[in-house]
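Notes follow the structure.
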Amino acid sequence: MTHDKAAGKTRRQIHEDRLRRRALRVAASSTAAVFLAIFLLVPMAPGWDRVKASFFNWEVFVKTFPKLLDAFKLDIAIFLWCAPAITVLGLLIALARDTRNPALFPLRILGAAYTDIFRGVPVVLTVYLIGFGVPGLGLPRPWNSPYIWGSLALILTYAAYVAEIFRSGIESVHKSQRAAAASLGLSDGDSMRFVILPQAIRRVIPAQMNMLIALQKDVALLSFIGPVEIFRQAGVFKSLMANFTPYVGAAVIFLAVTIPATRYADYLIAKQNRERS
Amino acid sequence: MPKLALHGVEKRFGENVVCDGIDLTIEEGQMVCLIGASGAGKSTLLRCINLLEPIEDGEILLDGKDISLPGLDPQPVRRRIGMVFQSFNLFPHMTAVENVMLAPRRLYRKSRSALLPEVTELFERFGLKERMGHYPDQLSGGQQQRVAIVRALAMKPEVMLFDEITSALDPQLVGEVLDVLRLLKDSGMTMVLATHEMAFAREAADKVCFLKDGKVIEEGAPEALFDAPQHPDTQAFLARALK
Ligand SMILES: Nc1ncnc2c1ncn2[C@@H]1O[C@H](COP(=O)(O)OP(=O)(O)OP(=O)(O)O)[C@@H](O)[C@H]1O
Ligand SMILES: [Mg+2]
């Protein structure tokens, strides 16, 4: 794009180049104006100094950040054991809801009821009910752990959403694919396993990535029932130092994970849209 | 005994009677063409023969045995009857050769390497040897349709059903697919085609059936049916179709 008229640009290319340069100038100057306004106006707000001291205290940030990072490892661990369980359970529920075998009819009803219930209750409520409720039964030692029951709450909730996404993927595969598989003599099970599911899963990967990102954030809800993960750790620091900066530190750590992941999911979606058109 | 015989086949979608007492016999090695206007029930009839649609009444005999008995397991029958669709319906996530091997691998419990020689020979026979490793979206419509035919043939069916398999193709690709049908006919395959290719039906069919509103209005040898149609509906349809 560095060659000029002499290098043989068409009239249209020259015109489009001019438009592009203009758009760039407009975007740059308006962005500069917005940021300038934020930098100038926000500090003029009456409470700014107080907010700055209690939310953006550099010393507190530096002191607490490594410990927060350490606590975040627990979030990641919880995420890592929940995510596979969610995927498997979600897929099983989706398959159960798709089955036409009359012997499995109860499974279909249960699958439908399950997704309705767990998608209808706020996650935090499920975490409370299962995380406090089940250990309240007075179970013996490893079994009263909030890790187990808190994780289960997340697994049950997210599996309900993930199942619906798998189901939409299965339904998005055109029925002529099933007909083609059946015409070859393949059983319903083989047709699902080798023909429908591989296509369905490919289509819903971006949507499932978004679910995983949401899950990574919701792991913080377990702090309400005990585990000292990053959000809880930030709370501890807040009380110790009477300063909110640790929460900002926690947010920064979450963003460092979720922004790249979100971008990647968006990229996958855009790529699929391009392929489909 | 005819290879395939339909007696009074009736198919309904709700109130809509799509096959209205169809009788049809197909001898071993015959090619039978179904012609008729859009909505006449050609596709539905083929789908019924392949047991993709259950029929309300009547019977479908393969080698004299009723395959349409309610409650019969359709899978063993479908292996014996291959079907090729207008829109190819290849599995897009598999290469051509994987498309072809899937059903024999699963149903005849054969390994890929055991299947490779015969499958390669099939691809070779239909001029597709270089395309075996291609995905459907890397193939032209004509190639895709030929792969779909190879896929059905790999199950070694006794009867093949073709539902307007050239209708979705660019005109210059129709010929290569029709050549495949000629090849199959010469090899003695029993075939039923729903088609709008009147010239091909006239040249290659042993018998042509004209369908209207789910009924066989007239059937006969292609010369007789095309040159001297007896029924006014057939005359009207051909006058339009052959214009
Ligand atoms: N799954 C279905 N549910 C309800 N009605 C259907 C279904 N499939 C086909 N029909 C109806 O059956 C009738 C016959 O359709 P069919 O596709 O068999 O015709 P056709 O002769 O193959 O036509 P074309 O030349 O357009 O392919 C049509 O009226 C159609 O609307
Ligand atoms: Mg049709």
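Heads up, the Cβ atoms here are built off N, Cα and C, so glycines get one too.
Taken from TrEMBL, the feature transmembrane segment applies to A:23-45 (among others).
Taken from TrEMBL, the feature domain 'ABC transmembrane type-1' applies to A:72-265.
Annotation comment: TrEMBL describes A:76-96 (among others) as transmembrane segment.
Long-range contacts of the transmembrane segment (A:117-135) within the same chain: residues 143-146, 149-150, 152-154, 156-157, 159-161, 164, 218, 221-222, 224-226, each at least 6 residues beyond the stretch ends and with a Cβ under 8 Å from a Cβ of the stretch. Residues annotated as transmembrane segment in TrEMBL: A:117-135 (among others).
Long-range neighbours of the transmembrane segment (A:147-166) within the same chain, counting only residues 6 or more positions beyond its ends whose Cβ lies under 8 Å from a Cβ of the stretch, are 78, 81-82, 85-87, 89-91, 93-94, 97, 111, 114-115, 117-119, 121, 123, 126-127, 129-131, 133-135, 200-201, 204, 207-208, 211, 214-215, 218-219, 221-222, 225-227. Per TrEMBL, transmembrane segment is recorded for A:147-166 (among others).
Per TrEMBL, the feature transmembrane segment maps to A:247-269 (among others).
Among residues of the same chain six or more beyond the transmembrane segment (A:76-96), those with a C-beta under 8 A of the stretch's C-beta atoms are 104, 107-108, 110-111, 114-115, 147, 150-151, 154-156, 158-167, 170, 192, 208, 211-212, 215-216, 219, 222, 227, 229. Sequence-distant contacts of the transmembrane segment (A:247-269) (same chain, at least 6 residues past either end, Cβ-Cβ under 8 Å): 55-56, 61, 64-65, 68-69, 72, 205-206, 209-210, 212-213, 216-217, 230-231, 233-235, 238.
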